[in-house]
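Notes to accompany the following structure.
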Amino acid sequence: MGLELYMDLLSAPCRAVYIFARKNGIPFDFQFVDLLKGHHHSKEYIEINPLRKVPSLRDGKFILSESVAILCYLCRKYSAPSHWYPPDLHMRARVDEFMAWQHTAIQVPMSKILWIKLIIPMITGEEVPTERLDKTLDEVNKNIKQFEEKFLQDKLFITGDHISLADLVALVEMMQPMGTNHNVFISSKLAEWRMRVELAIGSGLFWEAHDRLVKLPSWDCSTLDPSIKMKICEFLQKYK
């Protein structure tokens, strides 16, 4: 049994793993876990990942969850070019620092924009209160500024002159609001960094990985599993 990656490219962490594997020529079987149909709650998937999250990796009998752990595993097993996860102590620590920070500072608020502006209204027919969206946008703007000042500074990439895992993870997370046509790349510094990362990845691969996200507004939500719709309606309650 070869390497299997369980993913849905609506998920930013899945896109990071997918792009990294494709960019580095790592052979894998794509096991599609449709989040919109609740496949991550299926008995079969829970046996692979009891946390019911994506992505997951299965390499023979070895199973791994969490995108950052998966990216580091792939780096080591397949001897990826060193710029992805630099061997230099300080540069690698900088990547680790960003990875630890981004979970709550970037991933969570970026996903909230997608949920609040698109997914919840689309599925439930109910709008999330405007003040909730405004609060999330304020958080995003604050954290984007911190990203620019703390991590990017005046460098081409987070660790210097070359793309790293930190840049890849940062960009796919910041793309999440694009599912609602919300652009967070307002400043010239951030927009220029975004384009450098896209070009380093390859524009074809980059947009292939984001195709499912940008097409989300045209998704027919009548195909949604009723049990999943119920879970989302329950999820909405905390935004009221």
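Any Cβ shown, glycine's included, is placed from N, Cα and C.
Predicted, not measured: the structure shown is a model, and the values here were computed from it.
According to Swiss-Prot, the residue from HIS39, HIS40 that belongs to the glutathione site alongside LYS53, VAL54, GLU66, SER67 is HIS40. For LYS53 (glutathione binding site), applying a Cβ distance below 8 Å and a minimum sequence separation of six or more within one chain yields HIS40, SER65.
Around the Cβ of SER67 (glutathione binding site), a 10 Å sphere holds 28 further Cβ atoms from the protein chains shown. Taken together, the residues of the domain 'GST N-terminal' (1-82) have an average pLDDT of 96. When every Cα pair among HIS40, LYS53, VAL54, GLU66, SER67 is compared, the largest distance found for this glutathione site is 15 Å. Other residues of the same chain near the glutathione site, with their Cβ within 8 Å of the Cβ centroid of HIS40, LYS53, VAL54, GLU66, SER67, are TYR6, SER11, PRO13, CYS14, ASN49, LEU51, PRO55, SER56, SER65. Taking the Cβ of GLU66 (glutathione binding site) as centre and 10 Å as the limit, one finds 17 other Cβ atoms among all the protein chains shown.
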